[in-house]
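Colleague: Quick paste of what Swiss-Prot says about this protein:
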- 115-125: compositional bias 'Basic and acidic residues' (COMPBIAS)
- CYS214-CYS215: disulfide bond (DISULFID)
- CYS404-CYS426: disulfide bond (DISULFID)
- CYS517-CYS539: disulfide bond (DISULFID)
- CYS580-CYS592: disulfide bond (DISULFID)
- CYS588-CYS601: disulfide bond (DISULFID)
- CYS620-CYS646: disulfide bond (DISULFID)
- CYS673-CYS695: disulfide bond (DISULFID)
- CYS736-CYS747: disulfide bond (DISULFID)
- CYS743-CYS756: disulfide bond (DISULFID)
- CYS776-CYS802: disulfide bond (DISULFID)
- CYS829-CYS851: disulfide bond (DISULFID)
- CYS946-CYS968: disulfide bond (DISULFID)
- 149-349: domain 'Peptidase M12A' (DOMAIN)
- 351-463: domain 'CUB 1' (DOMAIN)
- ARG963: omega-N-methylarginine (MOD_RES)
- ARG966: omega-N-methylarginine (MOD_RES)
- 24-49: region 'Disordered' (REGION)
- 88-130: region 'Disordered' (REGION)
Amino acid sequence: MPRATALGALVSLLLLLPLPRGAGGLGERPDATADYSELDGEEGTEQQLEHYHDPCKAAVFWGDIALDEDDLKLFHIDKARDWTKQTVGATGHSTGGLEEQASESSPDTTAMDTGTKEAGKDGRENTTLLHSPGTLHAAAKTFSPRVRRATTSRTERIWPGGVIPYVIGGNFTGSQRAIFKQAMRHWEKHTCVTFIERTDEESFIVFSYRTCGCCSYVGRRGGGPQAISIGKNCDKFGIVAHELGHVVGFWHEHTRPDRDQHVTIIRENIQPGQEYNFLKMEAGEVSSLGETYDFDSIMHYARNTFSRGVFLDTILPRQDDNGVRPTIGQRVRLSQGDIAQARKLYKCPACGETLQDTTGNFSAPGFPNGYPSYSHCVWRISVTPGEKIVLNFTSMDLFKSRLCWYDYVEVRDGYWRKAPLLGRFCGDKIPEPLVSTDSRLWVEFRSSSNILGKGFFAAYEATCGGDMNKDAGQIQSPNYPDDYRPSKECVWRITVSEGFHVGLTFQAFEIERHDSCAYDYLEVRDGPTEESALIGHFCGYEKPEDVKSSSNRLWMKFVSDGSINKAGFAANFFKEVDECSWPDHGGCEHRCVNTLGSYKCACDPGYELAADKKMCEVACGGFITKLNGTITSPGWPKEYPTNKNCVWQVVAPAQYRISLQFEVFELEGNDVCKYDFVEVRSGLSPDAKLHGRFCGSETPEVITSQSNNMRVEFKSDNTVSKRGFRAHFFSDKDECAKDNGGCQHECVNTFGSYLCRCRNGYWLHENGHDCKEAGCAHKISSVEGTLASPNWPDKYPSRRECTWNISSTAGHRVKLTFNEFEIEQHQECAYDHLEMYDGPDSLAPILGRFCGSKKPDPTVASGSSMFLRFYSDASVQRKGFQAVHSTECGGRLKAEVQTKELYSHAQFGDNNYPSEARCDWVIVAEDGYGVELTFRTFEVEEEADCGYDYMEAYDGYDSSAPRLGRFCGSGPLEEIYSAGDSLMIRFRTDDTINKKGFHARYTSTKFQDALHMKK
C-alpha cells in the first residue's frame, strides 16, 4: 500500500506501535524453534496461519494496512464511537495503484460492484472490506497517537539489522514465487534491507494467499511469523513491492501531515464507506525524516483510488511551477524518495551498495586518491542461491595497525555483520582470493585514523556449482528468477550427514523444452559423481517429481546452450531419513512406505488403514465379477465412519457394459464435493474416465460404463458423517460392440437390447437396421448440436430443398457457426445456396444468402429462433456444409400484454447455470406501458453482498439507469416494475459454484396499474 513517508509513519507510528498481545483472535506466541515445514503445502500454510499474526484477522483495515487492537488504543480510536459498519459492496484490499484502478473498471462493473472475497468453509472468498467493527467514521479527518515521541524506544518494529526472513507458502506457482523474489531483490538492490529464507528465526514473514486480498501489517510484529497476503490479482511485481514496503515499515504517502500542501482530497468523489482511507496523520506526532512529499512513491495512491467512477479524481496533485500535475500511484519501481526513506529508517551506511550482477567490482571511496577519515561503507554481494562468490582484491593500501584496529576492510561469509569472518585486512598486502560458502558476502570498510592510504579495489565473480556440505539449502539456476544465462554448465555435489538420504523438491521449473532435452537441461544422479546412477534428465515446464537419493550424496548438473534462455529452476535440498528402517517400522502394523520428508503406513490386500493411520482393519470395497449385486457404504444402514476410503472394482465379461443405480444417497457435502464423496469411473485405475463425483442428498442418475469395467470409490473426511448410500449394479451385453449391431449407420446400446439410428438426412428402414434417404424438413429444439447438408460429408444431391427450423429457450438467441462450407459458386448465389432468416420461417428478415467456399461468419439471431433453407439445382454438386448451432444469452426482448418467459440459461431445468455467464437482457414495452417482471423460480448462489453470482435489475436501457436491486439466494420477494418503458436484467456468475438459476415471466403493464400494484 502506499506509505506515509512520515517517521511516525516510519518511526513514531511504526516504532511507537506496541507489540500485539493476541490481537485479532490470534493464538499464543509460537515457540521460536517451531517447525514450519508444513508451509510447503497449501493446507499446511492455512493451518499454520491460524497461529500467525494474520492481517486478515486484524481489528480493522486502513486501506491495505492491517491494524490490531493495540494500534487502535495507540490512535485513541473508540470502536463503538469512531467506527461504523460497512454498508456497501467493498472494493477490497488493493494497494491503490494505477494498474489496479484500471483493472477494476471493466465495462460491466460499477464502482459499487467490485469486491474481494473472504474464504468460507470451501475456501472460496466472500465480498468484504472490513472485519467488524468496520470503517472509520467519515467525519474523522485525522488521528493522532497521543503519546510521547519515542524514536528509538520502539525498535521492535524495525527488523534487526535490516534482515527480514521469509517463507513462501506452498500454494503459489513457480512464476508467482519468481515475482516475489524479484520484488525482494528490488528492495535489496536499492536499500540495505536484506531478505533471507527463514531457517530458525523466531520472527519472519509468510507470503500467503489470504482472504483479504493484498494486505499486510506495517513493520515487524514480533513474537512469531506474520503473514503478507498476496491474494487474488495481487501477484504483480509492483503490488508485491508495495506490500513489502509495508513490511519494511512504510505507511501510505498521502497520509502525511503535510499532504494538504501537495494534494487535494475530493471527498464527494469517494465511494461511500471508503472515506477512512483518506485520513491523515497529525503534525507534531510524526516526522518525515527530512524528506519532501513524494508524488512518485510506490506507496502513493492513484488519482482515482476508491473513486465513485473511473474518471473521477479522489486525490488531485497540485500543479507544479510549469502548471503540470505530477503523476501519482505508480507501481513500477521504488522512487528516489522511497529509497532515501528506507536508507534513513534502517541507518544504511553512506557509501556502499548491494551488488547483484554475476560479476562486478568496487573500491574504497576516493580510490586511488585516498579515502577520507571516518568512512564507513558496506557492500552486500548477493548472487543466485547455488552459486558461490569469488572475491579478489587487486589493490590494497590501508593504514596498518595491530589487529587492523583503525582502518580495515572486513569480509564476512553471509548476509550481515554477524556472519562468520573470512578476514580483516589492512596494510598493503593483497589478500588471497576469498570464496563464499553460499551466495552472499558482506564487505565492510571503516577508517578512523588520520593517516590515510590509497584505499582498495576489489572484483568479484559468481561461480555456479560446487560442493554443498550441509543438511539443508537451496539451489537455483544462475540468475534465477530472471532468465538463466547462455552457455552455462554448473555441477553441484550435495552431501548431507551420514545415515541420511538427500531429499530434493522443486519450487519452480522452466527450462527450454526439447523431446530429448538436447539443448538446456538439468541432470540428477544418485551419488557423488557423473558416473552415478541417473535419476533424471529434465527440461520443459513441468516440475519434476520429488527426488530421494539412496545414500547421503546427490549429484546435479545444469547445462544451457547459446540460444534460448528461460527462467530456470529453484529447488530445496534437505537431509531425509528412512523412517521405515527403524526397528518398529514407523509403528506400521503391516507395511511401511517411506515418502520424502515423512512416511506412511499401508495394508495388505483385503485390509485398510484404521483411523490412527497405522493399524489395519478389514477393508470395504473389493474386486467384484458378478453380473449384478449391491454396493453399500461402510456401516450401512447406520452412519458411515470417518476417514474411510473404499474402492470397488466391478468387472463384467467382454462386450458387456455395467450400469449403476443408486437407491439411497445421503453424504456430507456441498456443490464441489470437497469433504465426503463417491466417484464413479469407467475402468479400474484411479485416473480412468470419470463419470462424476457425487455428494449431498441428491440421488445421482443411472451411470453406464463405457467398457466392461467400473470403479466406484467412496471417501469420508474426519468430521461429519451421514447415512451413506446403497446402490445396485447390473451388467448388460453391448450388442453394438460387434459389427455395429448390424446397423448401417449408428448403433445405440440399451439395457437388454439395442437400437439403430440414422445420420442427418436419412430415416430408419422398417427392418430396423438400414437407412434410407429421408425428407429434408428439420425441426431442432436442442440447446446445441450439429446440422449438415444432405448426404454430408459426401456431395449433396441435385434438386434438393431442405429447411431447418431451430428454436431455443426463451430469452436465448440462436447462434450458428460453420465448420465447413462448400456450395456451388455464383456471384449472386443464384444456383445452389443457403439462406438464413432471423425468425421461425422464411417470412422473417433475411440474414443472408451464401454460396462458394468462404465460410460465413458466426451468426446470432435477434431472438430464440432461426430458419435455414438450402437449395440445390440440377447441375453442379459440392461437398455442402456442416455447422454447429448453439445459444447465446441476452438480447432485446419485447414485452406485450401476453405473458412471455425468460430463463437464466438455455438448459434451465436440465442443468445448473454455467460458470462465467455474462448476460444482459433489455425488455422494452410499447410507449405508455411499463414492464412487469415476476419470478417463478429463483435459485442463485447465496452470499451476503451477492458478490459471486447475482441478478441485477436496472430501470432503463442499460446499467447507467437507476439500479432496482441486486439479488441472489432465493431472489426478489416481490414483482419488479419499471418506471419507464424498459427494464434491463443483468446476470453474472463466477467460476465455481453453480445453482439452478431463475425462471421469470414478463409482460407489459400500464404505468398507473403498476403504481397501484406497488402500493
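For all residues, glycine too, the Cβ spot is worked out from N, Cα and C.
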Colleague: Counting each residue once, how many in the domain 'CUB 1' (351-463) are helix, strand and coil under DSSP?
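Modeller: Tallied per class, the domain 'CUB 1' (351-463) gives 3 helix, 57 strand, 53 coil.
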Colleague: So how many other Cβ atoms are close to CYS592 (disulfide bond), meaning within 10 Å of its Cβ?
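Modeller: Its Cβ has 20 other Cβ atoms within 10 Å.
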Colleague: Average the per-residue pLDDT over the domain 'Peptidase M12A' (149-349) and send me the rounded value.
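Modeller: Reported value for the domain 'Peptidase M12A' (149-349) is a mean pLDDT of 87.
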Colleague: When you rank CYS215, CYS646, CYS829, CYS946, ARG966 by Cα distance to CYS743 (disulfide bond), which of the recorded positions ends up on top as the closest?
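Modeller: Closest by Cα distance to CYS743 (disulfide bond) among the recorded positions CYS215, CYS646, CYS829, CYS946, ARG966: CYS829.
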Colleague: Between C-alpha atoms, which of these recorded positions comes nearest to CYS601 (disulfide bond): CYS539, CYS673, CYS829, ARG966?
Modeller: CYS673
Colleague: Between the recorded positions CYS580, CYS646, CYS776, ARG963, ARG966, which lies closest to CYS539 (disulfide bond), Cα to Cα?
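Modeller: It is CYS580, whose Cα lies nearest.
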Colleague: Pop the Cα-Cα gap between ARG966 (omega-N-methylarginine) and CYS802 (disulfide bond) into the table, whole Å please.
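Modeller: Computed Cα spacing between CYS802 (disulfide bond) and ARG966 (omega-N-methylarginine) is 46 Å.
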Colleague: List, in sequence order, the same-chain residues at least six positions removed whose CB sits under 8 Å from that of CYS968 (disulfide bond)?
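Modeller: The list for CYS968 (disulfide bond) reads VAL940, GLU941, GLU942, GLU943, CYS946, TYR948, ASP949, TYR950, MET951, given in order along the sequence.
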Colleague: Could you tell me which three-state DSSP class CYS736 (disulfide bond) falls into?
Modeller: helix
Colleague: Would you find the one among the disulfide-bonded residues CYS426, CYS646, CYS756 whose Cβ has the most company, meaning other Cβ atoms within 10 Å?
Modeller: CYS426
Colleague: Including all protein chains displayed, how many Cβ atoms other than that of CYS829 (disulfide bond) lie within 10 Å of its Cβ?
Modeller: 18
Colleague: For CYS592 (disulfide bond), what is the secondary structure state per DSSP, taken as helix, strand or coil?
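Modeller: SS state of CYS592 (disulfide bond) = strand.
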Colleague: Of CYS214, CYS646, CYS695, CYS747, CYS851, which disulfide-bonded residues are close to CYS580 (disulfide bond), meaning a Cα within 10 Å of its Cα?
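Modeller: Checking each Cα against CYS580 (disulfide bond), there are no hits.
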Colleague: Return only the integer: C-alpha distance in Å from CYS851 (disulfide bond) to CYS646 (disulfide bond).
Modeller: 59
